[in-house]
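**Q** So Swiss-Prot says this about it:
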ACT_SITE  314  active site, phosphocysteine intermediate
COMPBIAS  15-28  compositional bias 'Low complexity'
COMPBIAS  409-422  compositional bias 'Acidic residues'
DOMAIN    215-374  domain 'Tyrosine-protein phosphatase'
REGION    1-38  region 'Disordered'
REGION    44-198  region 'A'
REGION    199-212  region 'Linker'
REGION    213-379  region 'B'
REGION    402-424  region 'Disordered'
MOTIF     1-54  motif 'Nucleolar localization signal'
């Protein structure tokens, strides 16, 4: 193993994306079932440096770096942290992406760092490695104009690997989204105008995502808002915050929300929204399940004929809500199922759970064709060449179940009644309770506030002492001199 000074010298002269302390592989992943001997071997792995630009570098380090005159190291591992429900660990939300990008831009523009290499480093925790790489990749896509593939290739140089992201369900996971899925989602969201960091309202996002402040997020600004289900009255019950319809009405009216779609059992009277001037629709299906085809088509039909924004909720506003909004994203923006899930989770962590993920994968091709036909129809080409393929695909899809097996009864499921959702704790209840119990974490900015106040107070005292002990007596002496003349 080379010494730190030798490693820095070697890094400074090495070609881009290959700056390692030696030829061994630093990107080997730790398994959760690793033996102590394997862990000891992995701890001896060498550091990895990946050049992003001539001044920006991403590093995976197996020991904390020391400062240098020509390098500035920083880490966000303990600053921008994902708030998990169960075993989920990412991706980080849109506010954290914004904070990270602002941090990078500030460092690159800092006068005191103009001659320094900016090195974002992460440690040995695989989950934090994945989230750190996610942030770096997002910066490359958003600010450096890289394609998702280019950003991903930069990060997986050599044998470097990152664990994929999983859902917020309790227990095992059978579906994952990758960094590349996330980068594609961010790229398409940029292209379609889903976010713009030049006008992004960080305070609003971080305020309203909290359970106590309404627990809602925009998925598509001015079009789709996902929120947790309102109750008959506002209170703290069973460990989570409950909000009445009246809690949301002022914000909805100020942001042109015209339609409410409820996917869960009736916890409030819809008249409280309709009397306030909103349209309200009920499309019930069981918590944690996937919607029937009739539910999907009715949801899409409502959304395609609504003027203004649409607020969608189930119990927690995560599973059922994310699933149907995901269907809309696939039909009208031709996002893949994985990209739709990735974008939903970047906007609203925890969205789309369990079998709902495979459901979206199954629906992808048919919804793409529906979207193609929809756009063709709008252009006055109702009898165009896509019609035949579209009709054939729908007839084929009707013969398949979620698992790809033949549908034996060929019958549409009965419409779901809210009586089917029992009064006991369901998945949505548990997720809401977990979110409500989260303790607010101090970010890097609030942590500096006490220091700023203390510094300001000390400066004030020092100035007052200088004025009173030196300047003021001098002025009084001069004034006395003028009086004696």
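Every residue, even glycine, has its Cβ placed from backbone N, Cα and C.
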**Q** Using a 10 Å radius around its CB, how many other CB atoms surround residue 314 (active site, phosphocysteine intermediate)?
**A** 30
**Q** Using DSSP, how many residues in the region 'Linker' (199-212) fall into helix, strand and coil?
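**A** Helix/strand/coil tally for the region 'Linker' (199-212): 9 helix, 0 strand, 5 coil.
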**Q** Across the region 'B' (213-379), what does the pLDDT come to on average, as a whole number?
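**A** Taking every residue of the region 'B' (213-379) together, the mean pLDDT is 96.
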